[in-house]
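Okay, so here's the structure we're looking at.
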Amino acid sequence: MLPDTAADIPPDPVPPVAPPKGHMRPLGRNGLAVVLAALSMLGPFCIDAYLPAFPNIQASLGASAIEVQQSLTAYMLAFAAMVLWHGALSDAFGRRNVILVSLVLFAIGTVGCAAAHSVHYLWFFRVLQGISAGAGVVVGRAIIRDLYHDAEAARLLSLVTMIFAIAPAVAPIMGGFIVKYTDWRAIFLTLFAFAIGLFIVCWRRLPETLPVEKRQPFNPRFLARNYREILGSPLFHLKSGIVALNFAGLFVYITAAPVMLPNQLHLGPDQFGWLFIPSVAGIFTGALAANRIAGRMTFSRQIGIGFCFLLTPAGCNVLYHLFMPPSVPWSVVPMFFYTFGMSVVAPAATLLALDLFPHIRGTVASCQSFETTLMGAIVAGVVAPALADSVLWLAAGQLLFTSSALMLWLVARGYRQRMALDAAKQQ
């Protein structure tokens with residue numbers, strides 16, 4: 001006979017057993033910095049590693065120099081378009097899930113690049129790489145802001161930048177040696193192995209930092225409202241533009257390297273380190289300085305100091321090439337000081353932009369990366385090809401970019417002060 005009510009059911013004689021503990025061992029602070037930096041490295045590895053192989057790709061695929069250059073533009077445009085969605089997807093489905101799926105897509109695209117038998121196939125798989133490579137940068141920023149606040153977040157972001165700085169130095173040197181002793185396809189196979197190793201580490205150790213109850217719904221109307229809110233903010237464009245324009249001043253040299261280094265500085269494919277090592281050393285030491293000063297001064301003062309290091313070498317670079325011919329090391333030494341200043345400015349400007357919309361930081365990070373990458377695509381497709389035949393013009397372009405970034409910062413400060421005065425009057 002069945003019991004009439006739940007109260008009539010006798011208690012279970014077997015005591016409940018707690019579910020087994022998960023086997024995942026979450027990463028500590030330093031381990032998290034290493035993993036997030038490695039995820040961010042996918043982008044520069046995809047750009048810098050194959051730059052020394054441009055002539056080999058051109059000969060192997062029977063393509064023109066412009067067609068091979070456009071494989072970089074295709075990657076950058078896809079990166080810029082998809083980077084708008086990485087943050088929103090991570091706000092809706094969780095940080096860890098988006099990173100794992102993006103690593104799978106990246107691995108597929110990388111194998112496709114290695115197997116490409118025409119430049120058009122290379123374009124297609126470079127687009128697939130671009131679609132997936134930006135997740136680490138965008139979602140990584142959101143993870144840092146999920147876990148840490150203010151000075152601690154700035155320190156961790158600077159630490160990530162320091163580790164990440166290894167990639168732009170190692171990638172072109174690695175690519176140059178690979179293409180010298182093997183084949184350009186081996187560059188993409190090396191990237192494939194890196195992506196697989198990173199997937200295994202993230203699967204086993206990367207924690208989910210966005211609880212289900214804090215996630216935002218993923219629907220077009222909600223996303224359109226968020227993007228309208230962010231992209232309609234003048235302060236967002238001003239602060240995000242600072243990072244984008246300073247980066248453009250570096251990227252114009254990087255994308256012009258396949259023409260500028262052999263033709264102007266007479267360097268071979270295994271000597272690309274002459275440009276990239278000073279740049280990366282500046283990024284590393286600048287990030288170290290930003291890490292040390294985080295919490296000891298205001299973001300405004302930190303940005304001001306960074307711009308002193310940006311403008312001085314950029315101006316000296318122009319003056320040198322007005323009177324002297326391009327030469328090693330003098331044509332590349334200013335890159336150390338420029339990237340030092342860039343790394344001092346970037347963490348503060350990035351966090352100021354993210355804090356404009358704290359409830360949708362993932363989406364804000366996407367919009368910020370979109371602006372930076374779109375600027376990079378314009379530089380790669382239009383600016384660098386136009387300036388690559390003259391080191392003087394490259395130096396002038398860099399000075400123009402960072403001067404424009406300074407103007408945005410000054411306008412942002414004035415705009416914020418005016419908003420504060422208006423708010424005080426209304427009270």
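Just so you know, glycine gets a Cβ as well, placed from its N, Cα and C.
Look at TrEMBL and you will find 10-19 tagged as compositional bias 'Pro residues'.
Residues annotated as domain 'Major facilitator superfamily (MFS) profile' in TrEMBL: 32-415. Note on the domain 'Major facilitator superfamily (MFS) profile' (32-415): its mean pLDDT in the predicted model is 87.
The region 'Disordered' annotation in TrEMBL covers 1-21.
Sequence annotations record features per position, and here TrEMBL assigns transmembrane segment to 31-52 (among others).
The transmembrane segment annotation in TrEMBL covers 72-89 (among others).
Annotation source TrEMBL lists transmembrane segment at 98-117 (among others). With a cut-off of 8 Å between Cβ atoms, the residues of this chain six or more beyond the transmembrane segment (98-117) that come close are 39, 42, 61, 86, 89-90, 124-129, 131-136, 139, 185-186, 188-189, 191-192, 195-196, 198-199, 202-203, 206.
Distant neighbours of the transmembrane segment (123-144): 32, 36, 38-43, 46, 70-72, 74-83, 86-87, 90-91, 95, 98-99, 102-103, 105-106, 108-110, 112-113, 116, 153, 156-157, 160, 209-210, 350, 354, 361-362, 365-366, 368-369, 373; these residues of the same chain sit at least 6 beyond its ends, with a Cβ under 8 Å from one of its Cβ atoms. Residues or ranges marked as transmembrane segment by TrEMBL: 123-144 (among others).
Here the transmembrane segment (156-178) has Cβ contacts under 8 Å with residues 29-30, 32-34, 36-38, 40-41, 44-45, 47-53, 140-141, 144, 147-148, 184, 186-187, 190, 254, 257, 268-273, 275-277, 279-281, 283-284, 287-288, 290-291, 294, 343, 346-347, 350-351 of the same chain, all six or more residues outside its ends. Annotation source TrEMBL lists transmembrane segment at 156-178 (among others).
Note on the transmembrane segment (184-206): residues 23-27, 31, 35, 38-39, 42, 45-46, 49-50, 53, 56-57, 60, 96, 99-100, 103-104, 106-107, 110-111, 113-115, 174-175, 178 of its chain, located 6 or more positions outside it, place their CB under 8 angstroms from a CB of the stretch. Feature annotation from TrEMBL assigns transmembrane segment to 184-206 (among others).
Within its own chain, the transmembrane segment (242-260) has Cβ neighbours under 8 Å at 47-48, 51-52, 54-55, 69, 72, 168, 172, 272, 275-276, 279, 303, 310, 314, 335, 338-339, 341-342, 345-346, 349-350, 353, 368, 371-372, 374-376, 378-380, 383-385, 387-389, 391, 394, 397-399, 401-402, 404-405, 408-409, 412, counting only residues six or more beyond its boundaries. Positions annotated as transmembrane segment by TrEMBL: 242-260 (among others).
Among the features that TrEMBL reports, transmembrane segment is placed at 272-291 (among others).
Long-range contacts of the transmembrane segment (303-323) within the same chain: residues 242, 246, 249, 286, 330-331, 334-338, 340-345, 348-349, 391-392, 395-396, 398-399, 402-403, 405-406, 409, each at least 6 residues beyond the stretch ends and with a Cβ under 8 Å from a Cβ of the stretch. Among the features that TrEMBL reports, transmembrane segment is placed at 303-323 (among others).
Annotated transmembrane segment per TrEMBL: 335-357 (among others), in sequence order.
According to TrEMBL, the feature transmembrane segment maps to 369-387 (among others). Nonlocal intrachain contacts for the transmembrane segment (369-387), taken as residues 6+ away from its ends with a CB within less than 8 angstroms of a stretch CB, comprise 66, 69-70, 72-73, 76-77, 79-81, 83-84, 86-87, 134, 137-138, 237, 240-241, 243-245, 247-248, 251-252, 255-256, 259, 393-394, 397.
With a threshold of 8 Å between CB atoms, the same-chain residues lying at least 6 positions outside the transmembrane segment (393-412) that come near it are 235, 238-239, 241-242, 244-246, 248-250, 252-253, 256, 260, 303, 307, 310-311, 314-315, 317-318, 320-321, 334, 338, 345, 349, 383, 386-387. For 393-412 (among others), the entry in TrEMBL reads transmembrane segment.
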